[in-house]
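Asks: Summarising the annotation, Swiss-Prot assigns Cd(2+) 1 binding site to D8, E99, E102, H103. Sequence annotations record features per position, and here Swiss-Prot assigns Mn(2+) 1 binding site to D8, E99, E102, H103. Summarising the annotation, Swiss-Prot assigns Mn(2+) 2 binding site to E11, H77, E99, E102. Under the heading Cd(2+) 2 binding site, Swiss-Prot lists E11, H77, E99, E102, citing experimental evidence as support. Annotation comment: Swiss-Prot describes 1-63 as domain 'HTH dtxR-type', evidence class sequence analysis.
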Amino acid sequence: MTTPSMEDYIEQIYMLIEEKGYARVSDIAEALAVHPSSVTKMVQKLDKDEYLIYEKYRGLVLTSKGKKIGKRLVYRHELLEQFLRIIGVDEEKIYNDVEGIEHHLSWNSIDRIGDLVQYFEEDDARKKDLKSIQKKTEHHNQ
């Protein structure tokens, strides 16, 4: 079972490897704004739990288990960003909002949010209807 912190690391490592082809402790530390020694400790734990293989000074490689969960975590993050955009959350608030909620939702909830995103993406009229409702409620709340 992964903790929210483990998930943040796995997600970041997965994204770095997808983007650069590799992930170094220094890259992970910079991306997560943490000290390299914290990264080393977590990477050793993730190695022990078989999410990745870590060789000091040689970098790290995600195992198939690590890749699978990494892909799912990136999907969850991107889906939540897409959902918040659809419902009209201010762009500058989206990242922090996703970071605040992503670890607290069950995968069942994520799947249902995915259904909602798909529903809105399939027909632009649905997005327009939502915006119309939001305008009415904004008007009533003023």
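The backbone N, Cα and C atoms fix where each Cβ goes, and this holds for glycine too.
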Asks: Identify, among the binding-site residues D8, E11, E99, E102, the residue whose Cβ has the fewest other Cβ atoms within 10 Å in this structure.
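Replies: Among the binding-site residues D8, E11, E99, E102, the sparsest Cβ neighbourhood within 10 Å belongs to E99.
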Asks: Which whole number is the mean pLDDT over the domain 'HTH dtxR-type' (1-63)?
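Replies: Computed over the domain 'HTH dtxR-type' (1-63), the mean pLDDT is 94 on the 0 to 100 scale.
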Asks: Would you kindly give the Cα-Cα distance separating H77 (Mn(2+) 2 binding site) and E99 (Cd(2+) 1 binding site), rounded to the nearest Å?
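Replies: Their Cα atoms are separated by 8 Å.
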Asks: Show which residues of the chain containing H77 (Mn(2+) 2 binding site), separated from it by at least 6 in sequence, have their CB under 8 Å from its CB.
Replies: E11, V98, E102
Asks: Using Cβ atoms only, which residues of the same chain lie under 8 Å from H103 (Cd(2+) 1 binding site) while being at least 6 residues apart in sequence?
Replies: P4, E7
